[in-house]
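Single-structure report; data block below.
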Amino acid sequence: MAASLRLRGAASGLRYWSRRQPPAVASLAAVCSRSMASKTPVGFIGVGNMGNPMAKNLMKHGYPLIIYDVFPDACKEFLDAGEQVVSSPADVAEKADRIITMLPTSINAIEAYSGANGILKKVKKGSLLIDSSTIDPMVSKELAKEVEKMGAVFMDAPVSGGVGAARSGNLTFMVGGVEEEFAAAQELLGCMGSNVVYCGAVGTGQAAKICNNLLLAISMIGTAEAMNLGIRLGLDPKLLAKILNMSSGRCWSSDTYNPVPGVMDGVPSANNYQGGFGTTLMAKDLGLAQDSATSTKSPILLGSQAHQIYRMMCAKGYSKKDFSSVFQFLREEETF
C-alpha cells in the first residue's frame with residue numbers, strides 16, 4: 001500500500017502523501033530506519049465512532065491489532081475477528097511498539113498516556129506513538145515531552161473527513177512531530193487516509209485541525225442559515241442547494257454534508273442527524289479554538305459566536321445529534 005503513495009510538495013516545502021497521485025516507488029527511498037513493510041502488531045486505543053473504522057482499515061491492510069477501549073463492548077467485534085483485546089493502555093504498550101490513540105478529549109488522552117495504567121507505564125524505547133485525537137496543542141506538547149523522557153516518539157495526527165471518510169479510508173491526517181519519523185507514521189496513516197500532511201513540530205497538527213474545525217463550524221452555520229432563509233422565501237431546498245453549489249457560496253457543508261433533510265442521501269440530515277460528528281465534539285473543538293485564540297491574541301469574532309451557538313445547542317437537547325443539526329436548531333428557535 002505504501003508504495004502507492006507519492007511524496008508531494010517538495011518545491012513548496014510542503015510534505016504530504018496522497019493516494020490520489022500516480023504510484024512512485026522511488027519516493028520511498030528516503031524513509032527512516034523503521035521498516036515500511038512491517039506487519040508487526042499495531043496498538044489501537046479508542047475504537048469509537050472514528051476509531052472503529054480506522055482500526056478496521058489497518059486490519060484490511062494486514063496489520064494485526066492490539067485493541068483497548070474504556071468500553072469493553074466496543075472491542076467485541078475485534079475480538080470476534082481474532083484481534084487481541086487487552087485491559088489497559090499499558091498492556092497495549094507492552095505488546096506493541098507502534099500505537100495509535102483516537103480519543104474524545106484532552107483529559108482522555110492524558111489518562112491514556114500518563115494515567116495509572118497508561119501507555120507510559122510500559123512503553124518500549126523507540127516506540128512510535130501517534131495521537132489522532134483532537135486535543136489542545138499544549139497538551140500534545142506536554143505529552144511529547146513525557147514520551148521523549150521514556151525514549152519513545154510522539155506525533156500528533158488529528159483527522160478531518162468524518163465517519164464516512166474513516167470508513168472509506170479517505171481521511172486527511174495533519175501530522176506534527178519529528179520530521180524524520182514522518183515516513184514511519186505515514187506507513188500506518190496512509191492505510192486510513194488519502195492525504196497525510198506534515199505540518200511541523202509537535203502541536204502543529206492540532207493547530208491545523210483546530211483551524212479547520214473553526215472554519216467548518218462557521219460554514220455549517222452559514223449554510224444552515226442560507227438554506228433556512230431560502231426555504232422561508234419559497235425556494236425548493238434541493239433547487240437552492242443546486243444553485244449554491246454552482247455559485248460562489250459553495251462549500252463542503254453545502255455540497256457534501258448538506259444540513260437540510262431530503263437534500264442529500266447518506267448524510268446525517270437524512271437520518272434525523274444520527275451518526276456523524278457530534279454537536280458536543282464540535283462545541284469542544286470550538287472551545288479549543290477559543291483557548292488558542294486567547295493565548296495568541298487572535299480575534300475570532302465569528303468563531304466565538306459559533307462556539308456559543310453550539311454550546312446552546314448542547315444545552316437544548318442536541319448534544320447527541322450531528323453538528324449539522326444546527327439547521328433544525330435554527331428552524332425551531334423562534335427567537336432568532
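Each residue, glycine too, has its Cβ placed from N, Cα and C.
Features of the protein shown, as given by Swiss-Prot:
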type	residues	note
TRANSIT	1-36	transit peptide
BINDING	40-69, 103-104, Asn108, Thr134, Lys284	NAD(+) binding site
MOD_RES	Lys60	N6-succinyllysine
MOD_RES	Lys76	N6-acetyllysine
MOD_RES	Lys76	N6-succinyllysine
MOD_RES	Lys95	N6-succinyllysine
MOD_RES	Lys141	N6-succinyllysine
MOD_RES	Lys145	N6-acetyllysine
MOD_RES	Lys149	N6-succinyllysine
ACT_SITE	Lys209	active site
MOD_RES	Lys238	N6-acetyllysine
MOD_RES	Lys242	N6-succinyllysine
MOD_RES	Lys242	N6-acetyllysine
MOD_RES	Lys297	N6-succinyllysine
MOD_RES	Lys321	N6-succinyllysine
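For the binding-site residues Ile45, Met50, Ala55, Leu65, Leu103, the largest tally of other C-beta atoms within 10 A is found at Ile45. Using a 10 Å Cβ-Cβ cutoff, Lys95 (N6-succinyllysine) registers 16 neighbours. For Thr40 (NAD(+) binding site), other Cβ atoms within 10 Å of its Cβ number 10.
Lys321 (N6-succinyllysine) has a Cβ environment of 23 other Cβ atoms inside 10 Å. Using Cα positions, the member of the recorded positions Ala55, Leu103, Lys209 nearest to Lys76 (N6-acetyllysine) is identified as Ala55.
Comparing Lys321 (N6-succinyllysine) with Leu103 (NAD(+) binding site), their Cα atoms are 18 Å apart once rounded.
The sparsest Cβ neighbourhood within 10 Å, among the listed recorded positions (Lys60, Lys141, Lys149, Lys209), is found at Lys149. Taking the C-alpha atom of Ala55 (NAD(+) binding site) as reference, the shortest distance to any of the modified residues Lys95, Lys242, Lys297 belongs to Lys95. Taking all protein chains in view, 13 other C-beta atoms sit within 10 angstroms of the C-beta of Lys76 (N6-acetyllysine). Around Lys145 (N6-acetyllysine), no same-chain residue six or more apart in sequence has its CB under 8 Å from its CB. Using CA atoms as reference points, the modified residues Lys95, Lys141, Lys242 were checked against Leu103 (NAD(+) binding site), and the closest is Lys141.
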